[in-house]
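Here is what TrEMBL records for this protein:
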type	residues	note
ACT_SITE	143	active site, proton donor/acceptor
BINDING	77, 95, 143	Zn(2+) binding site
DOMAIN	23-147	domain 'VOC'
DOMAIN	153-277	domain 'VOC'
């Protein structure tokens, strides 16, 4: 086992979370046609293709796209599995959020390129923020949110959960996130909670949605996980364990690349992978 600094067994999880440098690294999901998706993300959503990685022995290819370099930005990691052209998105996954300076213009551009707009640009019901919804070639939804220039345009991952209070407590305690705000919408029978490692207008956040009376969702096989950075996977894994999280991969180096990671599930079974910050930067070199 690698040097884990202070003893992991007597870890003060809350204290460790305050010291740790955590951030959103990647959101990982599967697509049926990599080139088509890359074209949509670059031409319609304004992302850049950052790198591609083909693993023929495992029969898959990854493409990393985003609005800035991976060492400073939250980016998408697309996975194409050889020969698989369709996935089930399920009912639990909600959408990704992208902050843009002009939603109306972005929607016109997407339409001109043949993209699918599922909600026209306009203010949110009962509010002032201008939004729109579009779909990528696989049916993943993207919420376009009008926001003055932001350092983190890829700004949200929305997932549905069966018990919002339980999820908030878990994300605070296990992942060390802050509850930034909640909003209840009784008219449409849902409540949302925004959680993250910094203010919403400058950082990526998890948007957890509770629909009144719905406790379980179908996850499908399309959306995979969020990857988060940590200074010490062993300590963070212990904090997750203390909070009742289920580890699906114990902390340690990945075969072949030696990057230390661990994987875990939240109370609804949504997967998160924590990656060692220094190892991640080495991987990018």
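The backbone N, Cα and C atoms fix where each Cβ goes, and this holds for glycine too.
Cα of residue 77 (Zn(2+) binding site) to Cα of the residue listed as 'active site, proton donor/acceptor': a distance of 18 Å.
Recorded residues residue 95 (Zn(2+) binding site) and residue 143 (active site, proton donor/acceptor) have their alpha carbons 7 Å apart, per Cα-Cα distance. Averaged over the domain 'VOC' (153-277), the predicted model has a pLDDT of 96. Listed in sequence order, the residues of the same chain lying 6 or more apart from residue 143 (active site, proton donor/acceptor) and placing their CB within less than 8 Å of its CB are 95, 96, 97, 98, 131, 132, 133, 156, 158.
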